[in-house]
Amino acid sequence: MDSALVAAGERRIGWAARSMPVLTAIGERFAAERPLDGLRIAACLHVTAETAVLMGTLKAGGAEIALAASNPLSTQDDVAAALGEYGVGVHARAGVDRETYYRHIHQALDISPDVVLDDGCDLVNILHTERTELLERVSGGCEETTTGIIRLRQMAAERALRFPVVAVNDTRTKRMFDNRYGTGQSTIDGIMRATNTLLAGKTVVVAGFGYCGRGVAERARGLGARVVITEIDPVKALDASLHGYDVQPMTGAARAGDVFITVTGNRDVIRGEHLAAMKDGAILANAGHFDVEIDVRALDELAQAVHRGVRPNTDEYVLADGRRLLLLAEGRLVNLTAAEGHPAAVMDMSFSAQALAVAWLARERAGLAPGVYDVPQEVDVEVARLKLAAAGIEVDTLTAEQEKYLHSWRLGS
Ligand code: ADE
């Protein structure tokens, strides 16, 4: 093993851990109580410094872990090297092709897991289609992201899902902070690192006004951009409009935008007809889980020439009339490819919920039927309470009279 790479990974993990006090406290508790003793975990997560802190927490709790990446471009190789030295089975390398990416997931599954952790549902999908011989042993799972939850709910509706899965994404402490502030900041960070563009005065088109899209829109507006939202959900579109954003279909937005950011979780959001209408120099970035939101094949077909790597993570597509469109990170998650993903302070909450959900599963799994489960409410509240305590923030508590008032229907005006 390259010792310089390991040392760089260790430094990076140590730096992340400084901003993860809640997960660190849970790790200390796990080390004393060993709630995961004997548990084998296969995880498919972005291999980042923050994930490494989660792996350390689960190991402290007694788990044996195999880890594969949940995206071919998001792996931090120095972190992967350091994690290997800690005794986690890591199957991940930055920039691998599709085939190697899936081979790595199979290798992680070779541990024959009791519990699986997924980010996007690729590992659960492979378990249910290609590695069904392992299903008998698997007694639970956790899913980290919106896209994965959508796929799991569909599996559950079709009665295809064979074990209980906890929807970590749906906790308030994940969705409100990770999706909004984490995706918001890291997406803008990725675009800036890739292009060094000035956002002030630019028109930024954000496709999708879910928690993530809202976060991206808020950060772009904060930097002085004019923000246009495209949506298919009338309620979200109305919400965006009442936030003061310009709301338009992509057809109009395509002509107006300087920067396009897709955050919908759906495919073909930016298609050939939109690409053909864009301005010279338009920047295209995706912050949705899969690389399906921008039709890269249509872009290839429109282009007369492609200049790869005009800057790191930036490819320039030259159209017949000379206009240049700039595709970031090959249309994959820009925040984890061109930047470092969500900041550790945000992942502290998401991964604390994840660690506590694994401990909950380890306790309860024998009594749970297959299906998608919410993280128990007390986990959410505990994560928030620990995060506030770490920041030295105190909050009010209900008086006895207030408690009584909340629980009575007889008291009125
Ligand atoms: N998803 C988004 N940001 C992440 C990060 N920093 N680590 C792991 N998963 C992530």
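Cβ atoms here come from the backbone N, Cα and C positions, even for glycine.
A TrEMBL annotation is a machine prediction, not a hand-curated record.
What TrEMBL records for the substrate site is Thr48, Asp119, Lys174, Asp178, and among Glu28, Glu99, Glu143, Glu144 the residue it adds there is Glu144.
Thr48 (substrate binding site) sits 10 Å from His342 (NAD(+) binding site), taking the CA atoms of both as reference points. You'll find the Cα of Gly213 (NAD(+) binding site) roughly 17 Å from the Cα of Glu144 (substrate binding site). Among the record's substrate binders, Thr48, Asp119, Glu144, Lys174, Asp178, no two C-alpha atoms are more than 17 Å apart, and one pair sits at exactly that spread. It is 6 Å from the Cα atom of Asp119 (substrate binding site) to that of Thr145 (NAD(+) binding site).
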